[in-house]
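Pulled from TrEMBL:
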BINDING   Ala10, Tyr11, Ser12, Gly13, Gly14, Val15, Asp16, Thr17, Ser18, Ala38, Gly119  ATP binding site
BINDING   Tyr89, Asn125, Arg129, Ser177, Ser186, Glu262, Tyr274  L-citrulline binding site
BINDING   Thr121, Asn125, Asp126  L-aspartate binding site
DOMAIN    6-167  domain 'Arginosuccinate synthase-like N-terminal'
DOMAIN    176-394  domain 'Arginosuccinate synthase C-terminal'
Amino acid sequence: MGRATKVVLAYSGGVDTSVCIPYLKEEWGVEDVITLAADLGQGEELGPIKEKALTSGASISLVEDVTEIFVKDYAFPAIQANALYENRYPLGTALARPLIAKILVEAAEKYGADAVAHGCTGKGNDQVRFDVSIAALNPNIKVLAPAREWGMSREETIAYGEKFGIPTPVKKSSPYSIDRNLLGRSVEAGPLEDPWTEAEEEIYLMTKAIADTPDQPEYVEITFEQGLPTHVNGKALSPVALITELNDVVGRHGVGRIDMIENRLVGIKSREIYESPALLVLIQAHRDIESLTLTKDVTQYKRGIEETYSQMVYNGQWYSPLKMALDAFIEKTQERVSGTVRIKLFKGTANIVGRKSNESLYAPDLATYGADDTFDHKAAEGFIYVWGLPTRIWSEKVRGN
Ligand code: ARG
């Protein structure tokens, strides 16, 4: 008896997931391997992947375009949550994993598979995100992770694949490990493993080097309705078109790069380079329109929720009860988060230079320093007396009078 009879394998077309196909069959006694490649708007032709899976021994090869769901149901809620892991990483890779887990489980149910599989190793966050999401969606489905157990080096993996007709990568394989989708690119390994080594310019594909950016600033206006981005420069765009457009505009001004050391869930620190132009600017703009439309206490309380939310997404808890409860909180806060933010892009910077909203809580007659000021200055005195009373009493005590 093998570990499973029929398996749906998350498939990228790379050597590792290709080798998973014969490995599952030969070493673990799986009879049927169905591959599933998710199109997340990575801008890559997935047709050849289909063929590749079949020649590598898959019985069925599925490609599913889930780009729109990815943006609407995964990226947009994260924008409403202003989600930045460790205050910097907008979670482009992390957000894709629960969606891939979902379509894996759906395919397993549809094709009557008793297990799903992925090609993650035992050191990363992605294995956690897959395994925990799958358990949340269908706890009866087994998860197989061959690369977590096989202990083969890169060379051994390639050699193993060759025995089963999996071609050796033609071009000298890049030293980098790269994950990409419509939201961005995550690049690690190779020379980047030394945190002191500057990333080579060639690793960036979505963002221009400052030397190649336009010499004139460009203004872009982003409109939000109930916390969701709907228009760019006054033009209504579908979620996918909006992200695509902003990636382009923002990236060409060299905005959207992050070079960071992050703390993985498994306890390791790792150095990652991200580029995520649209998502970063959208979070910045969203936070700004919130500053105009949310009350002081909601704004400040939400910061803590956002921190927890970001950690939960990073740590693979997308489908957990606390995460869903936080979703409900965040959604409630977004009811009046509507308006337009104006951003100036120039030479690697994105600065918000204006914002407006019909839901604005900014009261000009209270804020003004001019003659039409309506704020009751005298009322401040009594307020300050009460506000400062505990501190006054403490000070008198400490000073002994
Ligand atoms: N560290 C990022 C995360 O955990 C990206 C992981 C994938 N990165 C990669 N270069 N393969 O979300």
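Along the chain as shown, residues are numbered 1 onward.
Keep in mind that glycine also has a Cβ here, set from the backbone N, Cα and C atoms.
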Practice task
Using C-alpha atoms only, work out the spacing between Gly119 (ATP binding site) and Glu262 (L-citrulline binding site) and round it to an integer in Å.
Solution key: 22
Handout entry: Whole-number Å value for how far Thr121 (L-aspartate binding site) lies from Arg129 (L-citrulline binding site) (Cα to Cα)
Key = 12
Practice task
Given the binding-site residues Tyr89, Thr121, Asp126, Ser186, Tyr274, state which is nearest to Gly14 (ATP binding site) when distance is taken between Cα atoms.
Solution key: Thr121
Problem - Reduced DSSP assignment, Gly119 (ATP binding site) - result: coil
Practice task
Going by DSSP, give the three-state secondary structure for Asn125 (L-citrulline binding site).
Solution key: coil
Handout entry: Residue with minimal Cβ packing [other Cβ atoms within 10 Å] among the binding-site residues Tyr89, Tyr274
Key = Tyr89
Completion exercise
Reading the DSSP string in three states, the entry for Ala10 (ATP binding site) is strand
Completion exercise
Cβ-Cβ distance under 8 Å, sequence separation of 6 or more, same chain as Ser12 (ATP binding site); the residues meeting this, in order, are Ala37, Ile49, Gly119
